[in-house]
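Novice: Straight out of TrEMBL:
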BINDING   B:Cys14, B:Cys17, B:Cys20, B:Cys161  [4Fe-4S] cluster 1 binding site
BINDING   B:Cys24, B:Cys142, B:Cys145, B:Cys157  [4Fe-4S] cluster 2 binding site
BINDING   B:Cys76, B:Cys79, B:Cys84, B:Cys118  [4Fe-4S] cluster 3 binding site
BINDING   B:Cys88, B:Cys108, B:Cys111, B:Cys114  [4Fe-4S] cluster 4 binding site
DOMAIN    B:5-35  domain '4Fe-4S ferredoxin-type'
DOMAIN    B:67-98  domain '4Fe-4S ferredoxin-type'
DOMAIN    B:99-128  domain '4Fe-4S ferredoxin-type'
Amino acid sequence: MKKSVVSKEYQNLQQDILALQENWKKSINPEAIIPKLDKAAMSAGVPAAALASINFEISLFLQWIEEINVLLTQNNPELESKLAEVRTLLNEETAIRWIDEAFSFNSVYFAGFAEENGLEEWIPQFLAETALRPYLQVTAEKIQHEITHAVPGAGCPVCGEPARLAVLEDEGKKVMTCPRCLAHWNAKRIECAHCGNDDHKTIQFLTIEGDASSQIQVCEKCTGYIKVIDTRQYLSKPSPAMLDLNTIHLDFVAQEQGYQVVGEIKQTN
Amino acid sequence: MATEYVKFVDVTKCDGCRACMVACKNWNDLPAEPQDFLGSAQSHTKTTADTWNVLQYIEHENSKGGLDYLFRHSACFHCTDAACEKVCPEDAISYTDFGTVVIDHEKCVGCGYCVNNCPFEVISLKEYVDKNGDKYRKANKCTMCTDRLEEGLQPACVTTCHTGAMQFGDKTAMIQKAEERVKQIKDRYPNAMVYNPQGVGGTHTVYVLAEKPSVYGLPENPKVPTSAVVWKDYAQPIGKMMIGATTMAVVGAFITNTIISKKKNGKNEDGGEHHE
């Protein structure tokens, strides 16, 4: 899709970051990740990556953060002074903490870290998350063959990211994809990824005029939504991460209409 | 420059469902054209100004004496050397970076030269009425959904095809696929061939045909008409030069005449003075 609300510059920066991550994945020792597929835990919605034992190489992690810093500075020289401080703050101990907190997406910790050290709020989590993803993606690649479906409401079965993006394949098969770890799994065409509702009367689709290939699937029961993109119509298939970014206008529309990233069924007495 | 794309139509996979016709009407917002029954399942005899693709239904006796019911999605071929582009006196027809051939309605004067010169007879004129009630005509044909290509989407007909008879992609990859497909179906259709006529420089709709092109009413070896080449490459430039020459002559004559008549006036004035 060429039309996107995201600026060309930001798209290019993201492309560069994705290229870096692809490179980093090659330097990960596949032996360092040992998945433990606990069927009972997974059917209860525990992300597989949380069960796997991942032997993080801290020196690699630190080197990657340095590479992102270089890329960000090249892209915007003004960031140099802000990012320089990260270099002095990061040591092995903090890196281990960052990996842990990024893994569980602990925004509170990162916001606190930024405030304590006088950094801009986005910096710590952005860096940690970007450098963590290659590990998640290699984990997902290793166990992809076991991932066929997800537990409604539990998000991505590999990394736990809230489910929000599906693509259509073949004859209209709905494949949920995770823009974070790139895992994918099958879902019913009429099924809410958040509450499992498959009643066609309460599942609606919002479409944007002039956007022929996207739908927002909303659930009236839990008010959750996901984006459903018919990438079969595309001339070239984008990576899930870029697809998620370029369809961000759908998130705006859905949220303006009162739907949520993670749906919840309200308890009424 | 954008990638050059080709629409690959494998007629042997087509089941004649006509979804491509519907998808085209839908995307391009073209009105329905109700037709009388033509004696077969085919809806329209050929493409028209409001029906940019037509599914052909052909009953054909094959070499073994059996009946083959052949289908073909027919639409603009988007020739590499397009006769319509050559003959257009207003430069209203042009090539895009995708390899598609498109008509600029702002420039089209509805002369109909393109209609007469298209080797595949896919262009038609449509009559419009302006707000003063005056009638004018414009040429219309399939655009290969160039407006979709610009958005990174495949043509509407291709995305709707449920048997996979149509594919859209990089030119060389598509031609290679077509050639492989012909090898696969040779035992079933001995006359099968890739239809990518070189007489018009190759086309951007490439077919795998089950039978000879003539069975489908297609020219065996379509060419850009010689008259079209003569027109575009010789007559038109010379014609424009001629316009220049005549204009110069007229302007020149005007200037000379003015000077001469001034002189005459002067003489008359002189004469007047003499008279006094």
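Just so it is clear, glycine is given a Cβ too, placed from its N, Cα and C backbone atoms.
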Novice: Name, in the order they occur in the sequence, the residues of the same chain whose CB lies under 8 A from the CB of B:Cys84 ([4Fe-4S] cluster 3 binding site) and which sit 6 or more residues away.
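Specialist: Looking at Cβ-Cβ distances below 8 Å from B:Cys84 ([4Fe-4S] cluster 3 binding site), excluding near sequence neighbours, one finds B:Ile93, B:Val101, B:Cys114, B:Asn117, B:Cys118, B:Ile123, B:Ala139.
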Novice: With Cβ-Cβ distance below 8 Å and at least 6 positions apart along the chain, what are the contacts of B:Cys76 ([4Fe-4S] cluster 3 binding site)? List them in sequence order.
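Specialist: Expected: B:Thr47, B:Trp52, B:Val101, B:Phe120, B:Val122, B:Ile123, B:Lys141, B:Cys142, B:Thr143, B:Met144, B:Thr205.
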Novice: Determine, using Cα-Cα distances only, which of these binding-site residues is closest to B:Cys157 ([4Fe-4S] cluster 2 binding site): B:Cys14, B:Cys17, B:Cys20, B:Cys79, B:Cys111.
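Specialist: Nearest in space to B:Cys157 ([4Fe-4S] cluster 2 binding site), counting only the binding-site residues, is B:Cys20.
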Novice: Do me a favour and check the Cα-Cα span between B:Cys17 ([4Fe-4S] cluster 1 binding site) and B:Cys145 ([4Fe-4S] cluster 2 binding site); whole Å is fine.
Specialist: 20
Novice: For the recorded [4Fe-4S] cluster 3 site formed by B:Cys76, B:Cys79, B:Cys84, B:Cys118, which further same-chain residues have Cβ atoms within 8 Å of the site's Cβ center?
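Specialist: Going along the sequence, the neighbours come out as B:Phe77, B:His78, B:Ala82, B:Ala83, B:Glu85, B:Val101, B:Cys114, B:Pro119, B:Phe120, B:Val122, B:Ile123, B:Lys141.
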Novice: Spatially, and counting Cα to Cα, which of the binding-site residues is closest to B:Cys161 ([4Fe-4S] cluster 1 binding site)? Options: B:Cys24, B:Cys108, B:Cys111.
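Specialist: It is B:Cys24, whose Cα lies nearest.
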Novice: Which is it, of B:Cys14, B:Cys157: the one of these binding-site residues whose Cβ has the most other Cβ atoms within 10 Å?
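Specialist: For the binding-site residues B:Cys14, B:Cys157, the Cβ with the most other Cβ atoms within 10 Å is B:Cys157.
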Novice: Can you grab the distance from B:Cys108 ([4Fe-4S] cluster 4 binding site) over to B:Cys145 ([4Fe-4S] cluster 2 binding site)? Cα atoms, rounded to a whole Å.
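Specialist: Spelling it out, the Cα of B:Cys108 ([4Fe-4S] cluster 4 binding site) and the Cα of B:Cys145 ([4Fe-4S] cluster 2 binding site) are 19 Å apart.
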Novice: Are there residues at least 6 beyond the ends of the domain '4Fe-4S ferredoxin-type' (B:99-128) whose Cβ is under 8 Å from a Cβ of it, and what are they?
Specialist: 4-6, 46-50, 74-80, 82-93, 135-144, 146, 149, 171, 199-200, 204, 218-219, 222-225, 227-228
Novice: Please list residues from the chain of B:Cys79 ([4Fe-4S] cluster 3 binding site) whose Cβ is under 8 angstroms from its Cβ, counting only those at least six apart in sequence.
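Specialist: The answer is B:Val101, B:Pro119, B:Val200, B:Gly201, B:Gly202, B:Thr203, B:His204, B:Val224.
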Novice: When the Cα-Cα distance from B:Cys20 ([4Fe-4S] cluster 1 binding site) is computed for each of the binding-site residues B:Cys88, B:Cys111, B:Cys145, which gives the smallest value?
Specialist: B:Cys145
Novice: Which three-state DSSP class does B:Cys114 ([4Fe-4S] cluster 4 binding site) fall into?
Specialist: helix
